[in-house]
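S.K.: Below are the features listed in TrEMBL for this protein:
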type: BINDING; residues: Gln150, Thr151, Asp152, Arg153, Thr187; note: FAD binding site
type: DOMAIN; residues: 4-267; note: domain 'HpaB/PvcC/4-BUDH N-terminal'
type: DOMAIN; residues: 276-475; note: domain 'HpaB/PvcC/4-BUDH C-terminal'
Amino acid sequence: MVRTGAQYLESIKDNRCVYIGGERVENVTTHPAFKGISQTVASLYDIAADEKQNMSYITEDGTIANKIYMIPKSIEELKERREAIEKWANATCGFVGRSPDHVAGFLAGFASNPDVFARGGQMYKDNVLNFYKYARDNDLYLSYVIIPPQTDRSKASHEQENEFTAVGVYKEQEDGIIVRGSQMLGTGSAVSDYLFVSCISPLRPGDEAHAVSFVVPLSTPGLKLYSRPSFAADKPSTYDYPLSTQFDEGDSLVVFDDVFIPWEHVFAYRNIDIVRAQFHETPAHVYGNSQAQIRFVMKLKFIIGIARKVAAMNGIDKLPPVQEKLGELASIAASIEGMLLASEYNYMTDENGTVYPNRRFLYGVVGLQDSIYPKVIHILRDLVGGGVLQVPSTYKEMINPETRDDISRYIKSPGASAEERVKLFKLAWDVIGSEFGGRHQQYELFYNGAPFVTKGYAFRNYRYEEVVQLVDQFLESYQIPQKVEEQMI
Ligand SMILES: Cc1cc2nc3c(=O)[nH]c(=O)nc-3n(C[C@H](O)[C@H](O)[C@H](O)COP(=O)(O)OP(=O)(O)OC[C@H]3O[C@@H](n4cnc5c(N)ncnc54)[C@H](O)[C@@H]3O)c2cc1C
């Protein structure tokens, strides 16, 4: 089934425990911090449910599902998956990182190679497959927390002052496990249906209690979300903060206050090898991150569109130095989009016949995450000048009879009214300067790990054999001269 937005909104009106502003949220769909994002996610489900959008497919079990859950078996299916994800990225201008398609990709990756989980016992393989089908056939929204909380990064999880700082198995029972501790940083978790919980940071011997992988509904007793401040709640209007008000996903520390997880929701149990392998010996990490790259390409296009419009509105777009800056943005965006398409064109196939994007090109972009986005933001910041602050504090000055004439007289450009100009520059500010914009700079830098981690992915997935062979081949083409007159070929 492909859900509608209304069905999704109904599903998250449960007794989930989310704290913000010192209070427990009663209903995330109406609370000012989460209303905008839950409406946005609902609109994504409506897009997918609209047959004209071609976002559904018939699964190998004969059910109808959202393409975000696809396990591609050919380049055509890989392309179909990308085109479906692009529809959602387009609707959010690339500013919603953990929309339901992100973790759906991880689940599809797990289910495509469930034998990795069978290394811990047949039950875990069955659990993965059963849950994947359940999530797919009910079009669920999963978010995830797969990083231990920041406390002391020099110590392993079991060495922390409090053994259950990071989530771990506190007790084993006949019907399941009790988990205790916390995990960072649940983006979108407050408005998702289920959480996927595990650990992608390398675990060390002794960390077995933390080497788990499971799913849990957000309404489970003992599960608590501590949200950071909202960037949507106090805003005067969508006109003033178009991105903050619609796309603030929220990020939460997740606390597990002795939470019961039935066995059927456990994918890996006290197994350091499987917890690592689930991400990298299946296409899970590749699928999740190809979604991230599809979204990122859309975001770059959107930002470049803003830069182009701002330059035209300010009458600077014909100046060669400005065209140089716009050209640099164009080069960045075209290169990243090209890498996305290259990763699809040069697809890889595993032993199960599952097709996934080429790791070299995917992780090549991942390794540049720390430099691309700050550069793009810097160029946009440079192009907009003070125009982003030469705006009235709210839309109210634009409709108040006392002030509106001044605004429309002095804030305008040839061919653009005050309303159009303020609208564009407020959008630019929401990208570069608002708290929402700042959070996005942090997001692009860290969502896939700190820079030393992302460059490690690029290093491990490049496949150096080819380039080393290239050099060896050349080195073998000439030798040390035996005589002075043979010094050149
Ligand atoms: C906006 C945002 C949203 C997020 N959403 C999610 C989410 O939905 N789900 C989720 O699971 N996680 C999420 N995260 C967490 C994200 O995965 C982590 O931020 C990321 O893995 C880095 O971990 P960290 O923040 O603890 O930084 P650290 O790993 O502590 O790194 C901080 C800095 O410390 C240094 N450093 C630390 N350790 C080392 C080392 N071993 N070697 C060299 N240098 C080191 C580096 O300079 C590094 O840049 C999100 C993060 C952000 C910022």
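Here, residue 1 is simply the first one shown, and the rest follow in order.
Glycine is no exception: its Cβ is also placed from the backbone N, Cα and C atoms.
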S.K.: Across the record's FAD-binding residues Gln150, Thr151, Asp152, Arg153, Thr187, the largest CA-CA distance in angstrom?
M.R.: 22
S.K.: Cβ atoms within 10 Å, counted per site: which of Gln150, Thr151 has the most, among these binding-site residues?
M.R.: Thr151
S.K.: Quick one: which of the binding-site residues (Gln150, Thr151, Asp152) have their CB closer than 6 Å to ligand 1?
M.R.: Gln150
S.K.: By the DSSP assignment reduced to helix, strand and coil, which category contains Thr187 (FAD binding site)?
M.R.: strand
S.K.: What number of additional C-beta atoms lies within 10 angstroms of the C-beta atom of Arg153 (FAD binding site)?
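M.R.: There are 9 of them.
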S.K.: Hey, does DSSP put Asp152 (FAD binding site) in a helix, a strand, or just coil?
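M.R.: The three-state answer is coil.
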S.K.: Pick from Asp152, Thr187: which of these binding-site residues has the biggest number of other Cβ atoms within 10 Å of its Cβ?
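M.R.: Output for this query is Thr187.
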S.K.: Along the domain 'HpaB/PvcC/4-BUDH C-terminal' (276-475), what average pLDDT does this model show?
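M.R.: Computed over the domain 'HpaB/PvcC/4-BUDH C-terminal' (276-475), the mean pLDDT is 97 on the 0 to 100 scale.
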